[in-house]
Amino acid sequence: MNSQDELSHEWADSLDKARVNDCTPTGKERNSLREYAHCLPLGDGDDTLEPSAIDTARLFPLMETRLYKRRWVMLFIFSAYSMSNAFMWLQYGIISNIFMRFYSIGTLAIDWLSMIYFLTYIPLILPVMWLLDNRGIRDVVVVGSAYNCIGAWIKTGSADPSMFALTFFGQFVCSVATVYILGIPSRLASLWFGQQEVSTACSIGVLGNQLGIAIGFLVPPILVPNVDDMDELAHHISIMFYISAGMATAILVLVVIVFQEKPEIPPSQAQAQARNMQPDEYSYTASILSLLRNKPFMLLVVSYGLNVGCFYAISTLLNRMIIEHYPGEEVNAGRIGLTIVIAGMAGSLICGIWLDKTKTYKQTTLAVYILSLTGMLAYTFTLNLGHLWVVFITAGVLGFFMTGYLPLGFEYAVELTYPESEGTSSGLLNCSAQIFGIIFTIAQGKIMDYWGTLAGNIFLCIFLLIGTVVTGFIKSDLRRQKANQQVEVQTVSPAGSLSSVQDYGATSCGSPWQRQS
């Protein structure tokens, strides 16, 4: 045993002896920081302004935590729900030329079938964040799944050239479900997963959405071939819509029966402390205002919106980009989109694991942002070379970093804003992404119409460069990480120097109160 361990154990023994009238609860009795307020002496003298070392330790008691195996079931169900909704977002855009001919509409109308997802999010995010804070994650997921299912069934009646209004309405209902999805991964990860796996869990939650986008790139060109006969085309479109509705229905049933709000015992010390907050101590309005005054977080809101807004624009306009240079390659356009998202899924998972291991949030976020810009430049200047295999490679590199950035932003935001609600911080990030998504999609579409795909992609590269610079100015303040770390108590040695001792009961392997079941 080294000297530091001896000091820790000696201090722990002294702490036990220092309990007065059994004032310090143990085990499950450690419920609230307020329980200690009435029995904390403030040192040796009556006029001492700072608590002693032992009293400071009592202010941060270790509470019982537990990891439940069913946390993975909750994560899987949410990922399936997110996947279904993301698929329906892109089922029009990746075969936009086919739907434009089927419904006899222009490019802007077909783009709005994708952009309605962005527009709906902006006015609805504040009430949905309020619902998440006041009713909980289960109610939000159930309501969102219901909207997703209803919208999917509405679209089954729109497989007719005269039914564009109905298909747009169905897409609008599905877009409402998106508001109940995008802010959930970080909240779900914090509620169910431990400190050493929370970033990985958030990444997996985002993976569900990315998998839906991947399927949305791959499946529609296969299910809906570019045929001339309108009746045959309507038949293929109808099949795709019914498959979407069947999946959405099955997921809704699964959510209602299986999905739970939160585990009985919290998974981390940060969650244990959050649960002890009394309802009257939390104000939704005050939380929003606090986030808006948080300068590092607001810089992240801007940089996140720029990056993800570029990804939304690329996803919406990918078919037009590829068809301009490679006519008749609708299926390969979908495969290129699939490559972007599959590479991004790998990037998301790797970044999540990396964050859990290193906790280097700013460094990782900045590095991934720079590499996203590099990937975008490579994709931009190789798209018109006439070699599809080169496009597949550069699109994969772009997707690995740009899509891999999504969970980084969520987790970095939680670190910068703890103990504010994860749903609120994620909601504001996504709101920024939707706004920039609309602006970039419309602007890039117009630029492509007048000056071509190269000019449109250069337009996005400029804003990615701006986002990289903004990310560099973010001052890292890892609040959640500090809350979960061992509490270090500074004590004054006889010689007057400061020495540090570890929090009572904390070990290098984590809290002794944490167990897995």
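Yeah, the Cβs are placed from backbone N, Cα and C, and that goes for glycine too.
Keep in mind that TrEMBL annotations are predicted by a computer and have not been checked by a curator.
For reference, TrEMBL has these:
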| type | residues | note |
| --- | --- | --- |
| DOMAIN | 73-479 | domain 'Major facilitator superfamily (MFS) profile' |
| TRANSMEM | 72-92 | transmembrane segment |
| TRANSMEM | 112-132 | transmembrane segment |
| TRANSMEM | 162-186 | transmembrane segment |
| TRANSMEM | 239-259 | transmembrane segment |
| TRANSMEM | 297-315 | transmembrane segment |
| TRANSMEM | 335-354 | transmembrane segment |
| TRANSMEM | 366-382 | transmembrane segment |
| TRANSMEM | 388-408 | transmembrane segment |
| TRANSMEM | 428-448 | transmembrane segment |
| TRANSMEM | 454-474 | transmembrane segment |
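Beyond the ends of the transmembrane segment (112-132), by six or more residues, the same chain brings 89-90, 92-93, 99, 139-140, 143, 167-168, 171-172, 174-176, 178-180, 182-183, 187, 284, 288, 312, 315-316, 421, 423-424, 427-428, 430-431, 434-435, 437-438, 441-442 to within a C-beta distance below 8 angstroms of the stretch. Counting Cβ pairs closer than 8 Å and at least 6 residues apart in sequence, the transmembrane segment (72-92) and the transmembrane segment (239-259) reach three or more and so form a contact. Long-range neighbours of the transmembrane segment (297-315) within the same chain, counting only residues 6 or more positions beyond its ends whose Cβ lies under 8 Å from a Cβ of the stretch, are 90, 93, 114, 118, 213, 291, 321, 337, 340, 369, 372, 376, 398, 402-403, 405-406, 409, 412-413, 416-417, 425, 428-430, 432-437, 439-441, 444, 460, 463-464, 466-468, 470-471, 473-474. For the domain 'Major facilitator superfamily (MFS) profile' (73-479), the model's average pLDDT works out to 86.
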